[in-house]
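Structure in structure tokens, see below.
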Amino acid sequence: MGGEWGQSDICPESSQEWTIQVGQDLLDMDLGAITKYSALHAKPNGLILQYGTAGFRTKAEHLDHVMFRMGLLAVLRSKQTKSTIGVMVTASHNPEEDNGVKLVDPLGEMLAPSWEEHATCLANAEEQDMQRVLIDISEKEAVNLQQDAFVVIGRDTRPSSEKLSQSVIDGVTVLGGQFHDYGLLTTPQLHYMVYCRNTGGRYGKATIEGYYQKLSKAFVELTKQASCSGDEYRSLKVDCANGIGALKLREMEHYFSQGLSVQLFNDGSKGKLNHLCGADFVKSHQKPPQGMEIKSNERCCSFDGDADRIVYYYHDADGHFHLIDGDKIATLISSFLKELLVEIGESLNIGVVQTAYANGSSTRYLEEVMKVPVYCTKTGVKHLHHKAQEFDIGVYFEANGHGTALFSTAVEMKIKQSAQLEDKKRKAAKMLENIIDLFNQAAGDAISDMLVIEAILALKGLTVQQWDALYTDLPNRQLKVQVADRRVISTTNAERQAVTPPGLQEAINDLVKKYKLSRAFVRPSGTEDVVRVYAEADSQESADHLAHEVSLAVFQLAGGIGERPQPGF
Ligand SMILES: CC(=O)N[C@H]1[C@@H](OP(=O)(O)O)O[C@H](CO)[C@@H](O)[C@@H]1O
Ligand SMILES: [Mg+2]
């Protein structure tokens, strides 16, 4: 995982005379108090962490200082944006012993890139440099320290999360920020709270009740219109990864029970968080979670540890496992939305955003059958989210099940005018209005996505097998390779081609040529200290061979350490 020990080369040194430049309002920061409290959350000497794809993540025992400092940073960001900022304590699908933290920007989005750099500098500053770094950030970002600050905090169910979120609160308070601690929340619920608070309640009420009511009302309205409402459509098995999703789904289920009954598994009452269960396990092992009994053709889904990802699956009559991942979820959602737009008769544009991990069959189906434009961005939802904002309706999903749909103000305006439309169009517009309310537009959300999917399946009268049959995934394999320094690999073209080290891309090109319908790429992970390898081909055997051969090329050309990658999985 992310933690490294050594010298930080990330933060520029500022001038020795910085004290002279400090304006009067900077001195208003109670620097003495910061130093005093910071010592209580001391940084282990030499520990260096990087704000990665999903914030900071490492072993929980190394994170106390990071939490305190992210409390400080959230206050500065709140003052600068004159908005509420969120801080979420979670390590999502990573093991229970890990933890992590990420900041949520005013519209529920991921932290802006320049502030990610500040986060890294602040987290890595040695005690004696803390004041300087804080002042540097305030100066660079022209933070008005007189401004009020408000921070909202949420945490997952990890044993370490409560204490770590208290350290965030310490950081917020020492810089004079106000806060609201929501306690246990899913990550997307915290994003929702931030979005609500910064849009004057227009998006919804910033309470857990407000979240449950908004989504459930939309879901119940939608499913009322479904003509197929047999039991088959009304029950779903949910693997909650022994995480926060179980608590929140249990609280919420009675709000929507007239439209759907959920049966919860891995609800945290006995098993360990993310252990042999959850969306990440199911997607990467391509097998069902432990602790869930699946009868043939039953519709099942898995959340990850902080409930921002979801994948579906079922066993066919022969007992074969079928995974329905984020790509197929995006396909179902975008085809439904496209049909609604056609019915309403509006020429609004719709686009689907994926990453290099999207299965080749999904991209082909979307482009060639559905005639929907598809775009590829770098891994990490912030990239997909950003791209999706360019469309009237932007649907984005990572193959691992993290995603949502975004709707522009143009769409919302058109729907408002729908009262003047003829009957059939009005019905479609009403449906679209409810679907918009059902999506969490601040972030990918397992609970919200689950309800969207369930509503669409019911409205279209689709079984899980019919959904799965939209297209057939190309067999694929993902592997990890250990190297001394994964930064030796740099990529371009939305991570689909390696630029360095020299010779690596040429080697991959030669290997790919040996297989049919094949594709492969490598990239350094943003959340683990590994290089990820992805390969797909016309058969599982070929995909496995190709992935193995590419792993060997990485090992040889990018400074592999430990044992050479072995064939077989
Ligand atoms: C291949 C893969 O699934 N990568 C995941 C993983 O990122 P990496 O940078 O690959 O470690 O964690 C991210 C955060 O949860 C998620 O956004 C991303 O999709
Ligand atoms: Mg997650």
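Every residue, even glycine, has its Cβ placed from backbone N, Cα and C.
Remember, predicted model here, so these are calculated numbers, not experimental data.
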For the Mg(2+) site that TrEMBL gives with ASP304, ASP306, ASP308, which of SER92, SER518, SER525 also belongs there?
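Record check against TrEMBL: Mg(2+) site with ASP304, ASP306, ASP308, extra candidate from SER92, SER518, SER525 is SER92.
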How big is the Cα-to-Cα gap, in Å, between GLU398 (substrate binding site) and ASP308 (Mg(2+) binding site)?
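If we compare the Cα positions of GLU398 (substrate binding site) and ASP308 (Mg(2+) binding site), the gap is 11 Å.
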Restricting the comparison to the recorded positions SER92, ASN400, PRO524, GLY526, ARG532, which residue's C-alpha is spatially nearest the C-alpha of ASP306 (Mg(2+) binding site)?
SER92
Identify, among the binding-site residues PRO524, GLY526, the residue whose Cβ has the fewest other Cβ atoms within 10 Å in this structure.
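Minimum Cβ neighbour count within 10 Å, taken over the binding-site residues PRO524, GLY526, occurs at GLY526.
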Where ASN400 (substrate binding site) and ASP304 (Mg(2+) binding site) are concerned, what is their Cα separation in Å, rounded?
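Distance between the two Cα atoms comes out at 10 Å.
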Restricting the comparison to the binding-site residues PRO524, GLY526, ARG532, which residue's C-alpha is spatially nearest the C-alpha of ASP304 (Mg(2+) binding site)?
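Spatially nearest to ASP304 (Mg(2+) binding site) by Cα position is GLY526.
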Verify whether three or more Cβ pairs under 8 angstroms connect the domain 'Alpha-D-phosphohexomutase C-terminal' (503-551) with the domain 'Phosphoacetylglucosamine mutase AMG1' (206-311), leaving out any pair fewer than 6 apart in sequence.
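Stretch pair does not touch.
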